[in-house]
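Here is the structure we will look at, set down as structure tokens.
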């Protein structure tokens, strides 16, 4: 059975501000199944932002597990991500999940990959999903050459990705921590 997939999630950190945004398109093969999905959320008492890309059911499974790790480690983002990655590498069921997460709190942004890796993005900019490369390139150019806020950079990056990637639409949800 073919999986639901296709999205763009991008995060930009500048100083003490971070924005995380994503589009709303859910695709099954070459059919748009939903245009207004919410793939970016606030969790852990609104202190942590998370965005997910990949198979929808897999992403929700990982999100649930990540929230449990955050609770267990009292909101310590890095510790929760590393513990999730350890589980991901050792649990046979988790190893088959095809999804990625970007997580951010007031001080840290992390990418949790489908291989169970935890990455701290260079320059505070990262993106995942089918339109991730477009969004990340746009965000990097905007961050290096403008005074735009993280939210504005995320918005424009998602717009550019939506113009270029057939699996990304212009329904955007953006969350910030300032």
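Just so you know, glycine gets a Cβ as well, placed from its N, Cα and C.
Feature annotations, courtesy of Swiss-Prot:
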ACT_SITE  7  active site
BINDING   162, 165, 168  Na(+) binding site
Cβ-based neighbourhood (8 Å from the centroid) of the Na(+) site, residues 162, 165, 168 excluded: 8, 23, 25, 130, 131, 134, 135, 158, 161, 163, 164, 166, 167, 169, 170
Taking only same-chain residues 6+ apart in sequence, whose CB is under 8 Å from that of residue 168 (Na(+) binding site), what do you get? 6, 7, 8, 23, 25, 129, 130, 131, 134, 158, 161, 162
What does DSSP say about residue 162 (Na(+) binding site): helix, strand or coil? helix
Specify the count of other C-beta atoms within 10 Å of the C-beta of residue 162 (Na(+) binding site). 22
Hey, what's the Cβ neighbour count for residue 165 (Na(+) binding site) at 10 Å? 21
